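Worksheet: one structure, shown below.
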Protein chains: 4
Amino acid sequence: MESKKRRGILERLDAGEVVVGDGGYVLQLERRGYVKAGHWTPEAAVEHPEALRQLHREFLRAGADIMQTFTFYCSEDKLDLSGNVTNITGAQINDAACNLAREVADEGGALVAGGVSQTPCYVKNRNETEVKAIFKKQMDNFLKQDIDFLIVEYFEYVEEAVWAVEVLKTSGKTVAATLCIAPQGDRHKVPPGECAVRLVKAGADIVGINCQLDPTICLKTVKLMKEGLEKAGLKAHLMIQPLGFHTPECNIGGYVSLPEYPFALETRAMTRWDIHKYAREAYNAGIRYIGGCCGFEPYHIRAIAEELSAERGFLPPASEKHGLWGAALEMHTKPWVRARARREYWENLLPASGRPKCPSMATPAADGLGEN
Amino acid sequence: MESKKRRGILERLDAGEVVVGDGGYVLQLERRGYVKAGHWTPEAAVEHPEALRQLHREFLRAGADIMQTFTFYCSEDKLDLSGNVTNITGAQINDAACNLAREVADEGGALVAGGVSQTPCYVKNRNETEVKAIFKKQMDNFLKQDIDFLIVEYFEYVEEAVWAVEVLKTSGKTVAATLCIAPQGDRHKVPPGECAVRLVKAGADIVGINCQLDPTICLKTVKLMKEGLEKAGLKAHLMIQPLGFHTPECNIGGYVSLPEYPFALETRAMTRWDIHKYAREAYNAGIRYIGGCCGFEPYHIRAIAEELSAERGFLPPASEKHGLWGAALEMHTKPWVRARARREYWENLLPASGRPKCPSMATPAADGLGEN
Amino acid sequence: MESKKRRGILERLDAGEVVVGDGGYVLQLERRGYVKAGHWTPEAAVEHPEALRQLHREFLRAGADIMQTFTFYCSEDKLDLSGNVTNITGAQINDAACNLAREVADEGGALVAGGVSQTPCYVKNRNETEVKAIFKKQMDNFLKQDIDFLIVEYFEYVEEAVWAVEVLKTSGKTVAATLCIAPQGDRHKVPPGECAVRLVKAGADIVGINCQLDPTICLKTVKLMKEGLEKAGLKAHLMIQPLGFHTPECNIGGYVSLPEYPFALETRAMTRWDIHKYAREAYNAGIRYIGGCCGFEPYHIRAIAEELSAERGFLPPASEKHGLWGAALEMHTKPWVRARARREYWENLLPASGRPKCPSMATPAADGLGEN
Amino acid sequence: MESKKRRGILERLDAGEVVVGDGGYVLQLERRGYVKAGHWTPEAAVEHPEALRQLHREFLRAGADIMQTFTFYCSEDKLDLSGNVTNITGAQINDAACNLAREVADEGGALVAGGVSQTPCYVKNRNETEVKAIFKKQMDNFLKQDIDFLIVEYFEYVEEAVWAVEVLKTSGKTVAATLCIAPQGDRHKVPPGECAVRLVKAGADIVGINCQLDPTICLKTVKLMKEGLEKAGLKAHLMIQPLGFHTPECNIGGYVSLPEYPFALETRAMTRWDIHKYAREAYNAGIRYIGGCCGFEPYHIRAIAEELSAERGFLPPASEKHGLWGAALEMHTKPWVRARARREYWENLLPASGRPKCPSMATPAADGLGEN
């Protein structure tokens, strides 16, 4: 049912365009009062569509070219496992989420991406047939809706991600695949370069990293993937959707292992200026699908779009409400705030935490797989 | 036009009830892409009513008993001064903002408060007649709408706040008055205790502090106001709506003087657990109108409502999506995250900033009035 | 037996001269391996005279005008209490310490000061007769030696310090008295201003603060003493010998209450540039006897002497081995180190701790007397 | 002239004994007022022998088995280059330094090591003949004195260190060789493993790392050296003498590139408990010559000797003045300090810097050779 008029994701990337991804839904909707931390299930798509529509719209206004469906943890077994006590079914959520994403995407020429994530099933028994059946069922649900392409995301094991890609490629849709691993490699210690090679060989059109670690670290991992592909003589588009939180500890367990997860991450939140730096570095590394994951709010996405406005040729709608590099502060009533209406000020500022009794870095929890 | 059926603010406070205020609109809508920092004008009420309605609703679901109208900087002269380039008039904004606040308030039995703030006019010439005329005009606008009571807020000089109270009391409505001052006193060095006395003598039913400094410091200032009232043999209800950012520097210029204002305040954001502590301390200090200002997001308001749920006798709607003290983490897939499903963990955690090259405290900008 | 030729401490202060005190012996000799932390007794004066002589000499070379005798905890009862297991008597220590101080003082025209400190006896029964007898015995010991003046130092209760002054004044010697209290007052909550008045009325010629808190805080307390004296129409010379460690927590228990005491204070050590700032501020506050206590090493004393070299008219011997404000770095082999040979660099540097997992401020231990 | 009775360094290491090195002379004597930062020349050996003797003795009492001669920068050309304005010759310094080291070493059965360091000449023209002539002259000076063995230390280029080893081996003495490089390799990017191989092939009996970076990083580098030797099938004893300052930035330029060098390093100083950890880890890594360099004071050396007292079979003399793991705090007058008389307290303490406006990590100066 895909609209014929839209320019597809590959068409855009092949033309060398920058594609701006959207931000994180789950954590932001938790703060807004619609998602329960711990359960993390997406029943809000049915219960409070206006809340989800509004967040989609904010990402769109901020410059996102993609609306990911809010279908995280949406298979029936996961909903059960996560303590879902409503009578809302996974199918209902899926339909509602796809419709909302489509509705908002069409307000601004964006594309809709349906996503599948790693399964508890894989870790339990590593049974290829069972795991692939789960992905097949999710894909079938998506194909009943007006989805533009598919994303395989948040996989700690490349083997399982490869299985997902193999299933999803049978749809004929473009498939992007992002792992949530550290530069040290996946949980079976497969290095990022080799992970990328396996994903592309399985059929992924776009590969990269999402979630778990901060932009600096995720960029390092994507660069290793790129090197791996180049050595293997393979080609694929690169994609990055990192955390919006600073994680200098760079532990393989990611931010879930940090003591602050999930209710005291405020201090680690990135500023819009951190994002400018990230967007530029991602672009310079040859990555063209640039978005965010948990911790990316609408203004972070806008910062990507503003940093790359010359390359894209336009500013996003929400930039009507933002002076580039703080320019609108020139209207402030206090002279010392007006003096901050310039790039140099924000680019060089080291923000204070306001917490003299807190450390700068934490000791991550052991995650059962060792730290490198 | 006030509805006869609603229990008014004084009725609630006189009965000893806790009244939960709402959070900050301006900064949150800036991050969502609808307000321009530097200008800070509220034209979004007309341009994007769905965005404002959604934020009102999130505060309501989080437990707020009050919806403040989004009418900050709404007089014609301020809109001009702030570089308003739209054709939207102050009157249009005022009508739209009052209607939206009323619409959402009625979804949950909340009250609507119309607010007036300090004027540029006062600082310029300290002319009582001129300044009072401005407040009179704003009041007249509010009285055309279905407003429950009025708030005089964000005043650095108690003299001007007294003028505002004197004008607003002519409406016959309940008037609350909050200054944005430090424990050192107002900008003319009038101590908080005397400020409170002057406001109550002018007719304020509720007095306290809002914005500019963090809960710890604002609490200190409200306590000084309380002591002043007690020494003078006066009675009034107490109110507090502090910043949602840590400002241990406690400078009289407030957070506007901090180098991080307004685009790098992320690190200073309070966690929900900081808010629990604040709500309890405010309650223990005898304050019964407890809310937040800039930096308070819906989940911070929920934390007030959860901390004081025993006193209020109920949990807010958004607590359906929140386990008390992180209880729902028991459903998390990682054992070390499940171990965090308890009050002791979150109450004692000192969050790391993730920024080893940043300091803990900043040197505030001089503010032309000296630091104490 | 005092030499007739030396210009006395009052003669110097009355002439408006700056008198530079010495630094801390106990902690420095602990690090050098001659004093046992916990016991803190001064038997090293007998056991290892060369080590004590050397430290005296380093302070003298650094510019100290005073050599305090190393007789802390030197009464027989304290030696017993502190677990002294040697056969060395208090009298032996006292003689050795006085002789060593005299020997080195004479190498550079310095004065020797004998000191008495607070007694366990006072806290136990607050018996004036008993406590005064202890001070009398210590004074008699000092008078057998060639001592220039006496110091009553490290008292938490002004009442006990007054008793000490009353006893020591009977010697006919000049008496200086420093309390180890916070700006909040002594342990009976007597404010610093009143403490100063009582000490001067008891006969103290010089009053001030020593130990327990950092220069910034001790300066605040001495200023309060000065104000108290002025209000009472009294005159006395002012003296300050603060900690050489940063204690921004400003708890009334002082650094002994900090978690880092006594074996992890390294991070809090002041740089020579911190001392420059301190010396200037002390001078500007009208204080003329300026030294240090625990944490002050020879190079810190030199920094006092260098900051005030114009006022004193000379540099100390050890400045032969120090370029003012880092000037000698011009000889360094690395160009970026040579670029640091200037005052502006060191005056503005904010040193990093190199400890990303440590906080900036600690939570002091409760000290049984409450915190203000 | 070597005494026949002493057990030599190799005899001790071959027997599997732990050899404890001494600490840093230059920085410590700067703080005591005898060395000029920037010049860093050792004329104090002649000018103030009592000061140098005292520091040697403190290291000996702390448990050092080795006294390094205080002859850093002692060749005539270096003395000139460093702005030496005295009439003291390099030969005079050398004689005095060797005699003092010998005198103190004999008080406790320690060995005397004469050291040579990298030359400005190497960087200027990389002329092997010239550079070797300088080392030859220094060696000849040492051989006139009663030296037990020789140390080639503080070399940034392995090539120059190899030349030094080749020259010094002609003496027939044991030669130890330590580079001051980061885990990234020497300044010509030769990896640590290969550096070790070249040094051993040139004749070094003991190899390792000294100065520039902190124990954690230096340990990493020595482990890489060990791996290199093992892969090459070579054998040598391992040695480590790191900085006594935390340098988590791990830049190849070392601490000289940090903004705090050399006058604001206080915050970075290691505690005795940091040293316990270091000594244990060094021992576990198979290193048997364990000492310190700049920043190691006598109490740091004592901490090595105390941590390894079971392995060595004895405590050093200075432990008479130290309770193991703070045990003597049991005698303290304050109960909360007595509660710190235990290993667990000190081992887990994260010390606060007392500097809320300072960062945790710094940005090192560029060093002209790139950072890895």
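Cβ from N, Cα, C; glycine included.
Sequence annotations record features per position, and here TrEMBL assigns Zn(2+) binding site to B:Cys211, B:Cys293, B:Cys294. In the three-state DSSP assignment, the secondary structure recorded for B:Cys294 (Zn(2+) binding site) is coil. Within 10 Å of the C-beta of B:Cys294 (Zn(2+) binding site) we count 24 further C-beta atoms, all protein chains included.
Taken together, the residues of the domain 'Hcy-binding' (B:7-308) have an average pLDDT of 95. Summarising the annotation, TrEMBL assigns domain 'Hcy-binding' to B:7-308.
The Cβ neighbour count for B:Cys211 (Zn(2+) binding site), using a 10 Å radius and every protein chain shown, is 23. Long-range Cβ neighbours of B:Cys293 (Zn(2+) binding site) (same chain, at least 6 residues apart, Cβ-Cβ under 8 Å): B:Gly23, B:Gly24, B:Asn210, B:Cys211, B:Gln241, B:Pro242, B:Leu243, B:Gly244.
Cβ atoms within 8 Å of the centroid of the Cβ atoms of B:Cys211, B:Cys293, B:Cys294 (the Zn(2+) site) belong to the same-chain residues B:Gly24, B:Tyr154, B:Cys180, B:Asn210, B:Gln212, B:Gln241, B:Pro242, B:Leu243, B:Gly244, B:Gly292, B:Gly295, B:Phe296, site residues excluded.
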